[in-house]
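Features as listed in Swiss-Prot:
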- 1-22: compositional bias 'Polar residues' (COMPBIAS)
- 23-41: compositional bias 'Low complexity' (COMPBIAS)
- 1-43: region 'Disordered' (REGION)
- 66-86: transmembrane segment (TRANSMEM)
- 90-110: transmembrane segment (TRANSMEM)
- 139-159: transmembrane segment (TRANSMEM)
- 188-208: transmembrane segment (TRANSMEM)
- 214-234: transmembrane segment (TRANSMEM)
- 255-275: transmembrane segment (TRANSMEM)
- 301-321: transmembrane segment (TRANSMEM)
- 347-367: transmembrane segment (TRANSMEM)
- 399-419: transmembrane segment (TRANSMEM)
- 424-444: transmembrane segment (TRANSMEM)
- 464-484: transmembrane segment (TRANSMEM)
- 496-516: transmembrane segment (TRANSMEM)
Amino acid sequence: MSFSPPNKSADATIQITEMTRQGTPSSGEAAASTPSTSSTESGDKALEALGYTPVFKREFSRWSSFSFAMSISGVYGTLMSTWIYGLQAGGAAAIMWSWIIGGAGGWALAYSIAEIASAYPSSGAMYFTLKFLAPEEQVPFLCWIAGYLNLVGTVAGGASTEYAASQMLLAAVSITSNFSYVPTPTHVVGVMIGLTTIHAMINTLPTAWLNRLTSGYVVFHISVLLGACVTLLVQKRHDMHDLKYAFTNFQPSSGWSPPGFAFLFGCLTPAWIMTGCDGTARIAEEAKNPQMVVPRAIANATTFTYVIGFFFNLVLVVCMGDPKDLINSPSGQPVAQLFFNGMGRAPAIFFTLCGFGVMNLVAIPGIQAGSRTIFALSRDNLLPFSHIWVRISKRSQTPLIAVWTYAVLEIIINLLGLASSTAIGAVFNVCTVALNVSYVIPIICKMVYGRMQKGPWHMGKYSVWVNAFAVAWNTFMAVIFFFPTRLPVTPENMNYAIVVFFFVLIFALVFWYTHGRHYYTGPLTHSPRATDMSVRTPVGV
């Protein structure tokens with residue numbers, strides 16, 4: 001396999017004088033002043049204005065970018081994987097209200113990310129934007145911390161997706177055996193290793209193949225979700241619940257006081273599902289007209305996920321019967337058990353396998369987005385041995401070494417599953433906390449320093465309110481997700497997310513003070529600040 005060497009031209013950035021910022025023209029002015037160019041040229045010009053030389057082929061269109069964003073959330077499969085958290089937090093009412101409130105926080109965060117991604121379309125995503133949003137003297141340190149948190153959150157997110165997909169496949173096997181087979185942690189980890197390897201192999205294909213793979217995802221996803229809901233509702237079981245039960249029946253069992261506090265733990269479900277919304281921003285260098293296509297994909301996919309997730313939750317709650325039967329399911333998958341109770345064996349196997357299929361289609365673009373994170377951080381010399389991870393394959397024009405590195409990291413972190421279900425639960429929590437903190441840092445900088453130049457997609461006068469809610473809610477939830485979900489605390493139910501998170505944070509700080517501050521100056525672009533912003537308004541979108 002032959003590789004092209006990393007771009008070394010960025011090494012001279014420190015010697016280049018900062019260029020004068022120019023005001024951002026309105027969309028109409030920019031459209032009038034910008035010559036008619038292809039969507040690829042528009043994206044490349046935007047990237048060059050940010051200081052990077054394009055190295056990826058732009059294969060992702062408006063539709064495939066939206067489909068990619070939908071696949072990152074994968075609400076059918078991801079909700080099946082995390083529904084247990086709301087169920088244990090308080091049953092029906094906890095599930096519904098945690099989705100409504102927690103989902104609103106995720107929606108605000110996604111829109112805040114979309115707005116910033118429109119202004120700075122780069123594979124570095126939110127980490128990279130700090131170069132433009134923070135004061136110059138603070139950029140190196142803030143980028144360093146945000147970059148490492150984003151990386152560990154991304155790896156934890158990919159790892160938890162692979163683990164959840166493995167659980168779902170084995171749940172289908174358990175149902176097939178009439179529950180005589182009970183999945184063990186060893187079995188789940190073994191399947192996870194196989195799935196991760198397959199998904200990494202798929203990511204060695206050229207971007208055009210990945211574009212085709214994700215393009216049909218939305219149709220499949222919606223069809224499966226609607227099919228499952230209709231099949232459940234037409235059964236007319238005697239133990240179906242009404243809407244009052246769905247929104248008012250609260251069964252606390254966590255030991256927390258007041259009991260209503262426990263419902264916050266159910267917010268992990270919408271947080272985990274929506275928290276990877278910047279994954280689409282990481283393919284900005286592979287998308288056509290990324291200044292509009294990427295933020296639209298993020299915003300539309302998140303809104304769709306929020307709305308359709310509400311109705312899917314409602315159907316599951318109405319049809320769930322006795323919650324204790326689901327929590328104690330031998331398959332280890334409450335929603336799979338719900339399907340079995342409500343539909344029968346054959347349909348339950350089918351829809352559980354569909355969930356497994358959806359999770360595969362979440363994991364594949366997850367590796368793509370994660371490998372681009374490693375590439376972007378390495379391009380800026382943030383990671384050890386960056387010159388290795390940044391290499392691009394001449395055959396596929398993708399960062400193959402970064403792909404396999406990311407896959408290996410997923411496997412390593414999932415080995416925690418061999419310890420206990422509590423330990424693997426920490427992976428889900430770390431994903432949400434680390435990613436959300438890495439997102440909140442640039443949003444706070446945007447609000448405090450007022451340096452952001454608007455891209456063509458923005459929220460106008462509502463921006464500050466949406467940003468403020470996103471920061472407040474997700475900062476609050478980052479603290480909540482460190483709490484143990486049950487009292488009294490024992491070694492078995494301890495939430496080890498706080499241990500993992502602060503281990504990474506302390507490592508990043510120590511590495512910064514011993515090494516990073518001596519050479520890392522922030523994203524290595526051709527110029528310290530953006531130059532001609534007029535290229536940000538795309539043509540033909």
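Placed from the backbone N, Cα and C atoms, the Cβ positions cover glycine too.
Quick caveat, the model's predicted, so the values are computed rather than measured.
Between the transmembrane segment (214-234) and the transmembrane segment (301-321) there are 3 or more Cβ pairs closer than 8 Å, counting only residues 6 or more apart in sequence, so the two stretches are in contact.
Most Cβ pairs under 8 Å to the transmembrane segment (188-208), among the stretches 139-159, 347-367, 399-419, 424-444, 496-516, belong to 399-419. Looking at which of 90-110, 301-321, 347-367, 464-484 has the most CB pairs under 8 Å to the transmembrane segment (399-419), the answer is the stretch 347-367. For the transmembrane segment (139-159), same-chain residues at least 6 beyond its ends with a Cβ under 8 Å from one of its own Cβ atoms are 125-128, 130-131, 272, 275-276, 363, 366-367, 369-370, 373-374, 377, 380, 382-383, 406, 409-411, 413-414, 427-428, 430-438, 441-442, 445, 500, 504-505, 507-509, 512, 516-517, 520-523. Counting only same-chain residues 6+ beyond the ends of the transmembrane segment (301-321), those with a CB under 8 A from a CB of the stretch are 66, 69-70, 72-73, 75-76, 79, 83, 92, 95-96, 99-100, 103-104, 106-107, 110-111, 222, 225, 228-229, 232-233, 235, 237, 239-243, 245-246, 270, 273-274, 277, 280, 335, 338, 341-342. When each of the listed stretches 347-367, 424-444, 464-484, 496-516 is scored by C-beta pairs under 8 angstroms to the transmembrane segment (66-86), 347-367 comes out highest. Same-chain residues lying 6 or more positions outside the transmembrane segment (464-484) and placing a CB less than 8 Å from one of its CB atoms are 102, 104-105, 108-109, 111-112, 264-265, 267-268, 271, 429, 432-433, 436-437, 439-440, 443-444, 446-447, 493-495, 497-498, 501. Beyond the transmembrane segment (496-516), the same-chain residues lying 6 or more positions past its ends with a Cβ under 8 Å from any Cβ of the stretch are 140-141, 144-145, 148-149, 152, 156, 382, 422-423, 425-427, 429-430, 433-434, 481-482. Using a Cβ-Cβ cut-off under 8 Å and counting only residues 6 or more beyond its ends in the same chain, the transmembrane segment (347-367) has close neighbours at 68, 71-74, 76-78, 80-81, 157-158, 161-162, 164-165, 168-169, 171-172, 175-176, 195-196, 199-200, 202-203, 210, 213-214, 217, 220-221, 224, 227-228, 231, 276, 279, 333, 335-336, 339-340, 403, 406-407, 410. Same-chain residues lying 6 or more positions outside the transmembrane segment (90-110) and placing a CB less than 8 Å from one of its CB atoms are 83, 241, 245-254, 259-260, 262-264, 266-267, 269-271, 273-275, 277, 298-299, 302-303, 306, 309-310, 313-314, 316-317, 320, 323, 436, 439, 443, 466-467, 469-470, 473-474, 477.
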